[in-house]
Structure formats: C-alpha cells, structure tokens
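Structure record follows, encoded as structure tokens.
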Amino acid sequence: MGGVNEIGSNKAVSVAKTPPISAPPSQFHSPSLSRSPLLASDDHIQPANKTPRISTPRFVTPLGSPIRRALQLTRLDPHDAWLPITESRNGNAYYAAFHTLCSGIGIQALVLPVAFTILGWTWGIITLTLAFMWQLYTLYLLVQLHESTETGMRYSRYMQLCSATFGEKLAKWLALFPIMYLSGGTCVALIIIGGQTCKMFFDVICGGTCTAQPPTIVEWFLIFTSAAVLLSQLPNLNSIAGVSLIGAITAFGYCTLIWVVSVIEGRTEGVSYNPVRGSTEVTRIFDVFNTLGIVSFAFRGHNLILEIQATMPSDEKHPSSVPMWKGVKIAYTLVAMCLLPLAIGGYWAYGQRIPENGGMLTALFVFHGKDTSQFILGLTSLFVIINALSSFQIYGMPTFDDMESVKKKKKALPWWFRAILRAMFGYGCFFVAVAIPFLASLAGLVGGIALPVTLAYPCFMWLKVKKPKAFTPIWCLNWVLGLLGMALSGVLVAAGIYVIIDTGVEVSFFDPR
C-alpha cells in the first residue's frame, strides 16, 4: 500500500510506519466482531507468524482518528460468516416485513377477546391500543440500537445487546430465561396448537365418513413435529423468507376469516358483555392483572427483531435501520388490521361465552361448526397449521444459532451434524409438548415473565447506550416506561400465580387431549 491510505475523497494522506490496512466495503461489525457473512480470506484470523491485517471502514475520515483507533482494535470473528442468523446479509425491507409479520401474529392473538371478558368494552379497547403503541415504540428503539455509526458495532442478537448494555452476568439473570422461553417455549406451544388443529382439520375433511382409525393426538403432535423438523433444515434466516411470507399470508388469512365469519353469523344466543367479576376484591384485581398478561403476550416477537435486522447489509450511507423500520411499519399495519378487529369482533359475537382455551378458533367450531361451510372451516384450520409450521422456523432460529455457535471450530458445522442438532431440538420440543400439554393455559403468567423483553429492557438499553440528557422528554419517557414495565411484570407474575392457584389448571402430564 506504500503508506498511503485513500479515504473518501481524492486527497491522499500519508501515514508513516503503519501496518497494511485492508479496506473492505463499509459494513458495521457485529458484537461478535464480524462483518459481512461473505468474508474474504483476509478477514479471517491471521496466522501467528504474519502481521495481522486490520479492517477500517471507508467512511472513517482523518478527523475521526479516535473512532479509527477504536475500530482498529476490533478483531474479526469468522463465526458470524456461517451462523444461521448472520450467514446471509442480503435481506431487505420486504424480507423484514415477512419475518416480522409471521412472528407478530400468532395463535396468541385468538385469545384477545378473553381479555375483554374481564376488562369490558372501554378498558379492553384502551388497554389493547396502549399496549400496541407501547410495544411499537420499544420496537423502534431496538431497530435504532441494532448498530452504531460511532463504534461500527452491530448487535445481531438480543442477548448480545443486553450483554453489551448491562454486562454479561446481569444480562443472563435478566433476559436469558424470557428469551429462551420466547424461542423454545413458543415452539412447544406451536406443536401443541398445530397438532390439535391437525386433528380438527382431519375431522372436518373426513366429516365422519372415514373408516380408517384416525391418529391419536400424540401422533398428530409427532406428524406436525416431523414436518417442522424437515422444514427447519433450511440453512439460515434469509433462506426462510419465503416460508415467512407464506406464514404471514396464512396468519392474516385465518385471523380475517375467523372474525368475519363470527361477525356475519351474528351474536350468539344469550351473549352478555358484563365483565366477569371474581368473588372477592383481591380476586378481581388479580384477574385484571392476569388479563393484562394475556394482552402483553399477544405482542411477543421483540426478541427476534435484532436477529431479523442482522440479515441486512449496512453501511454509513445506507444503515440497516432504514429498510428495517420500513418493513416493520408495513408488518405492524397489517398486525393492527388483524388484532383489533379480531378482539373487538370476537367479543361482540361471543361476549362472555368466548372459550378460554383456543379463544376464537374454538368458538368458531363450537358455535358455528354446523352452520358454516366445511370449506371455510377446513381452510381456516389449514391456515392455522401452515402458520404454526412457518412460525416454528423463525422462533427456532435463535436456538439453532446458539447450538451451532461452537467457538472451538473455525468453520461451519457439517450439514449432517447441523441436521441432527435441529432434529434434536424439534423432537425435544415434541417431548415437552406431550409431557406438559397444559402449557398454553399459563399464557398470563408467561406473558408477565416475558414482558420486560418487550416493554422494559429496550427503554433501559436506550438510556444506557444513547445517554440522553437528564430530565429531557425522551429521558423521562424511557425511564417511566422502563420502570412501569418492570413493575407491571412483577405484578403480572404474582397475578398469574394467584389465578392458577385460585382457579386451578387442569394438569395432565403425558396426557394431551
């Protein structure tokens, strides 16, 4: 290089006695210290007998020498070049919209009318609207925190951002369990829901005319799991963009079908909109808080936002936050078009009679199974199954990424070993689904545990990373929302435990029905 480093303009700045500098395309480094997934050979860790080559982004100018010195200390870690989340960085706003919509709408939305049976019309609509706005704001914070033009770092995983903000030890205490549940626990719930819906779909198609012995519910769980494991062999997050698109379409489809059919069929006989009240004041208070947990659990998916954004290219002029936020806005416009009519229309149609287990899907079959065409019922069930299979892939991807991040290896795992690991995860979830089939009944409790990941931690991470001036509006807003989210989480967990003890949960280990 002859000691001359050309930066950004036509001027040449002479630098004496400096090691050779590699100038790759300007990509923000991830916290695991990697750049683009398609790393050149010079980007890998150099042998000990050679002078290490240091990557300096093109956008660093001579006036930014402190930043340049910080970036020159950054070592590249080749692991991100082959891990499932960061292996491919050619994503775009449409991919982001597909992934976000697929993870943002799920079966949990079908139980939102149950929350209205406790809160009533007014407070139900207010709570749902405020929760939607709150989680959309914290999602915006995460999108902005994904990368830093000041340090060149990209936080490609939620736990990495937590560790960089709170410290590795504290991050494990605060976020590890909720994130593990939002990944693995959601996959377990999807197997339970997918298997049960497979049985419903079979019953609709057969119509009582089949002479063959139908599979048992455990066998349906196994069939669904096998399909999910087969689909999970797609290598990385970008490769399942088409799967997420199908999942998004089917999610929007079954949500719309269910609330439209329910509204067209009209209110059920004896419907009542009087809020359900507990026998004591304490019971009523805890019922309300448990309901808030159900609402908060409907807006899960924030633990996947950084991972989705990590699939995009990024440089100083074209940061990934721009297409990511564009995709998020598209996705959450459609989410609002699904959740609000589903909650309001469902409560209007069924009132207090909405089933707690299964919500709108169960209500559709119980109240309109005989007066609705078999085609509509079968199509709705099929959409739920396809969406559950698609959602399994995106929620399982962080776990796949963690299992395959073997730090001692310097290259990607063999395809057969990766296939074994993913199959082990899928069938491990199947075992838990069979062993604890009542997991879906704990939605309120789990919603309280996972709430900080969605509503509280992003506010604290913004304060720690961005360091806004004290007592400014943005400083006050994030402190208020963060503290309120943590307090609400504690109350919701207590309420969930109380409701379970008070009303009971039909515990049936290794006895799915």
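Cβ from N, Cα, C; glycine included.
As annotated by TrEMBL, domain 'Amino acid transporter transmembrane' applies to 90-500.
Under the heading region 'Disordered', TrEMBL lists 1-35.
If one looks beyond the transmembrane segment (93-115) by at least 6 residues along the same chain, the residues whose Cβ comes under 8 Å of a Cβ in the stretch are 124, 127-128, 186, 189-190, 193, 237-238, 241, 243-245, 247-248, 251-252, 255, 258, 291-292, 294-295, 297-301, 304-305, 308-309, 311-312, 323-324, 326-328, 330-332, 334-335, 338-339, 342-343, 346-347, 350, 354, 356, 358-361, 384, 387-388, 390-391, 394-395, 443. Residues or ranges marked as transmembrane segment by TrEMBL: 93-115 (among others).
Here TrEMBL flags 121-143 (among others) as transmembrane segment.
Taken from TrEMBL, the feature transmembrane segment applies to 173-193 (among others).
Among the features that TrEMBL reports, transmembrane segment is placed at 240-264 (among others).
Per TrEMBL, transmembrane segment is recorded for 330-350 (among others).
Residues or ranges marked as transmembrane segment by TrEMBL: 375-395 (among others). Residues 99, 102-103, 105-107, 182-183, 186-187, 190-191, 193-194, 197-198, 200-201, 204-205, 224, 227-228, 231-232, 234, 237, 240, 243-244, 246-248, 250-251, 253-254, 257-258, 261, 304, 361, 364-365, 369 of the same chain lie 6+ residues outside the transmembrane segment (375-395) yet bring a C-beta within less than 8 angstroms of a C-beta in it.
The feature transmembrane segment is assigned by TrEMBL to 415-436 (among others).
What TrEMBL records for 442-463 (among others) is transmembrane segment.
Look at TrEMBL and you will find 475-501 (among others) tagged as transmembrane segment. Long-range Cβ contacts of the transmembrane segment (475-501) within its own chain (Cβ-Cβ under 8 Å, at least 6 residues beyond either end) map to 134, 137-138, 141, 282, 285-290, 292-293, 296, 442, 444-449, 451-452, 455-457, 459-460, 462-463, 468-469.
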Between the transmembrane segment (330-350) and the stretches 173-193, 240-264, 415-436, work out which stretch tops the count of Cβ pairs under 8 Å. 240-264
List, by number or range, the same-chain residues at least 6 past the transmembrane segment (173-193) whose CB is under 8 A from its CB atoms? 106-107, 158-159, 162, 166, 221, 224-225, 228, 300, 303, 384, 388, 391-392, 395-396, 398-399, 425-426, 429-430, 432-433, 436-437, 439-440, 446, 449-450, 452-453, 457, 512
